[in-house]
Structures are given as C-alpha cells and as structure tokens.
Amino acid sequence: MNPSLLKYRGRLKALSPEARRRLMDRTGTSDARVAQRTADIIARVRRDGDKALREMAREFDRAELQSLEVPRSVCEAALASLEPKLKDALTRASRNIAKAHAAQKPQATEVETEPGIIVGRRPDPLGRVGVYAPGGRAVYPSSVLMGVVPAKVAGVGEVIVCSPPGPDGKLSEGVLAAAALAGADRVFALGGAGAVAALAYGTESVPRVDRIVGPGNAYVAAAKLQVVDAVAIDAPAGPSEILVVADSSADPEAVAREMLAQAEHDPDACCVTVAVGDVLAQAVAAAVERAAARAKRQEIVTRALSERGAVLSVDSLEEAWPFVADFAPEHLLIATTSPLEELPKARNAGTVFVGQYASVAYGDYMTGANHVLPTAGLARAYSGLSVLDFYRWTTYQRVTRDAAARLADDVGLLADSEGLFAHAEAARGWRKS
Ligand SMILES: NC(=O)c1ccc[n+]([C@@H]2O[C@H](COP(=O)([O-])OP(=O)(O)OC[C@H]3O[C@@H](n4cnc5c(N)ncnc54)[C@H](O)[C@@H]3O)[C@@H](O)[C@H]2O)c1
Ligand SMILES: N[C@H](CO)Cc1c[nH]c[nH+]1
Ligand SMILES: [Zn+2]
C-alpha cells in the first residue's frame, strides 16, 4: 500500500487556500500547452483538410487510414456479428436512453401578449450534428448511444459519428455496432481535435455540422471550445470526475469502487470523496489505496489519484454542500442515510446518483440518463447532454391589422427616441387615421 497515493487527505476546512484552489482547478497546469497544440491541429485541418486528417491518424493513433469514412455496410455487419449478450445489453441501454430522452422533448408555445399580438416559439430539430465518441485509452460504444439516440429522438436530419481508429486503422466492433444500432447516418474513423475541426469546418470528405456533441480528453474538450466561431457545441465534456458525499451509512469499499471507476478513464480524471468524520475518511482512503493496488488499469488510476485524488473529512453534511456547489462535479454520488432528503441541497452537479446503490457505472451505461456531462467546474452553468441540445428554436410573432394600428404610435415613439427614423416610419405605416 502506498500511503501517499492520494494527492489530498485530511480535513476539508484545513485545506490551505492554495490547495483548495488547485483541487478546484481541474483544467490543470498543462492547459496552455494543450490549448496551443489544439489550435495548431485545428489550423492544419482548416488548411490541408483530409490530408491533415490522414497525417494526424498516423501521428496520434498510429493508424494508416485507407478511407476516412466507414461504409454503412461495415457497421451493419458489426452489429450482425456482435456477441448476442453484448448486443442485448447495448439494445437495453439504447432503449432506456430513448425512453428517458423522449420524455424530455420540448413543446412549442404561443402566447397572446396583447389582443391580436401572438408570440410563438417552436423547436426545430437541427439539420446535421456530429457525435464524437472517444477512443484513445478505452473504446466508447456507450458514448455513441448517448449522442446518436437523443439526436434521433429529436428528429435531427443527419447524424455523423467520429471516433478515433485503432492502430489497424479500424473502429472497434462495439463502436460500429452501436452506430448501426442507434441509426447513425455516417461514420468516420477520426479522433481528437482533428475530428472536431473537420466537423466544425468541413473537409473534402467530412461535411460540416451544425452542432458537435460528445465527450473526450483534454484535446477534444479544448477543440470544442476553440471552434465555436463556426459551430455550436453541447458542453465542454472533458476528463471524468466524481465527487462522493458519504456519511457513516456508506460502505467504504463501495465508495472506493466508485472512485476507481472514474479514475480509470484518464490520468486527468478527478476523484474526490467528502466523508463525515475522520474515521470514515480514513477507511475510504485505505480502501481506495487497496483498490488502486489491484487495479487492472493501474497506471492511469495511480496517476489520476496521485495528481488530483482527494479524501477529505467534514464535521457534518451541512459542511459538504457549499463545497459541492463550488466544485461543481460531473458526477455526484450521495452515499448517505437519507439521500433523497439531501438531493435538493446538491447544486451544480452534472448528474446526481442518489444513494449508494446508484453506482455511477449504471448511469454511464444503462439507466437512460445521459453520460455526456460538463466537467472542470462548468456544471456551474452547463447541463448534461439532453434531447434539447438537438433543437434550435424559431420564434415568430403574428400581428392583426387592428393590433398593428394600436402598436404604431408607441413603437414610433421608441424608434424616434433611438434616432432610428425609418423604423418609426415603418411602425406608423399601419396607423389608422
Ligand atoms: N465528461 C464526459 O461526459 C465524458 C464521458 C465519457 C468519457 N469522458 C472522457 O473522455 C476521455 C476519453 O479520452 P481518450 O484519450 O480515451 O479518447 P479521446 O478520443 O478523447 O482522445 C483520443 C485522441 O486524442 C488525441 N490525442 C492524444 N494524444 C494527443 C497529443 N499528444 N496531442 C494531440 N492530440 C492527442 C488523438 O487525436 C486521439 O485520437 C477521457 O478523459 C474520459 O474521462 C468524458
Ligand atoms: N464516466 C464517463 C463519463 O465521465 C462515461 C462512461 C462511458 N463508459 C464508461 N463511462
Ligand atoms: Zn465512466
């Protein structure tokens, strides 16, 4: 057991302001470098199109690409030959995601603000979206479902999936099968910031999209933030995070399993437990260290926990909630005696797991909630991916002849006051003399 594996231990209120700031700052000190590299990649794709994408596949994925696009028949074949139990599990996940997201579909509204003046707002499905499914340190068929299924529920015109190729130049069978199952229209073997740039600006092979959704590592998250001049994005959904709030009812081994599960995604993952009482905090820390010592993805887990892992103690749950709101975790797990009573106190979490039986892994794959979630503290303002990300809104106003006459003078007055005299004239055109 390595007693110093976790970066932060001890009492939450004893953390120095500098340590607390570093714990909060999940963008990390290397970020300026990531941002610069990402900017260079985007510029290369804008300049050289497909040629740059092929070079980057060689550079970052060690893959020689025959073709950037994967024919639909290849996806269908992967689905047909998928191991039946795995296919059943993917189908079950897809069904739950569709059900949960269908319930979120937005409604058009119309309101009469004054007699004869009707203001409406109508959700229109987007024309074309890009779904990024990560594929560097693990493959993510689940992320294909999380992006494509809600897009299809919303009625998006065309859904394009990008995911990095393996060294053989191919996508995993699971990713291909998930794309076919969810009904993706086109699939490209492209990863990282290059894929994001291609979807944002278009290349000879890749059509530009209206919105890019989906998670990824620091490069993918940085790229999404850098292309917003050309495309909409969902939210910066970067390296995974978990914050567990636990009291004496929590099983320390279960809390440790949750910490390890998110730590194994990425060395940049951030895993924190806030436990009521020093005894529980020590038991959780010891369980985390034991679990890390036997982890299959030990190198990743060890780096994540030693760079950003924390187990901190508080005197009471009341001390935990302001920290939760400030930290704004991607995933919050409430492992307490009365988790449902605590739920309203939890602010700024990407998604909440209520009670210790609600393992984050269930939400990652199967509950039907979306696992594409804001990270790096941005859950303060951004929400997780939902069906709403796949619409844009059209507002309109209808005005009857009589209502136009009633608007003419006041609108004319306001326009005059702004010095916009043609507006005033347009408004007064329908005055009744
Ligand atoms: N927040 C969420 O909703 C959510 C959901 C699922 C997964 N995730 C996160 O997604 C990430 C997946 O990361 P991943 O790395 O496995 O796959 P990824 O697809 O995000 O990244 C792989 C790509 O990164 C690029 N890359 C790698 N090294 C690079 C370098 N040195 N310079 C430039 N580009 C480079 C390459 O283009 C490569 O294809 C993890 O951080 C995981 O925690 C987040
Ligand atoms: N925990 C990830 C979101 O941070 C989602 C995921 C996909 N597969 C496994 N986990
Ligand atoms: Zn996960």
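Keep in mind that glycine also has a Cβ here, set from the backbone N, Cα and C atoms.
Automatic prediction, not curation, is the source of TrEMBL annotations.
Note that the structure is a prediction, hence the values are computed from the model and not measured.
The feature substrate binding site is assigned by TrEMBL to SER240, GLN262, HIS265, HIS331, ASP364, GLU418, HIS423. All protein chains considered, the CB of GLN262 (substrate binding site) has 27 other CB atoms within 10 Å.
As annotated by TrEMBL, Zn(2+) binding site applies to GLN262, HIS265, ASP364, HIS423. Taken residue by residue with DSSP, ASP364 (substrate binding site) is part of a helix. Contacts of ASP364 (substrate binding site) defined by a Cβ separation under 8 A and a same-chain sequence distance of 6+ are given as SER142, ALA261, HIS371, in order along the sequence.
Annotation note: GLU330 (active site, proton acceptor) sits in a coil segment as assigned by DSSP. According to TrEMBL, the feature active site, proton acceptor maps to GLU330 (among others).
What TrEMBL records for HIS331 (among others) is active site, proton acceptor.
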Neighbour-count leader, CB within 10 A, binding-site residues: HIS265, HIS331, HIS423: HIS331
Recorded positions whose CB lies under 6 angstroms from ligand 3, from GLU330, HIS331, GLU418, HIS423: none
Candidate with sparsest Cβ neighbourhood (10 Å radius) among GLU330, GLU418, the listed recorded positions: GLU418
Neighbourhood of ligand 2 - binding-site residues from HIS331, GLU418, HIS423 with Cβ under 6 Å: none
In sequence order, those binding-site residues of SER240, GLN262, HIS265, HIS331, HIS423 whose CB lies under 6 Å from ligand 1: SER240, HIS265
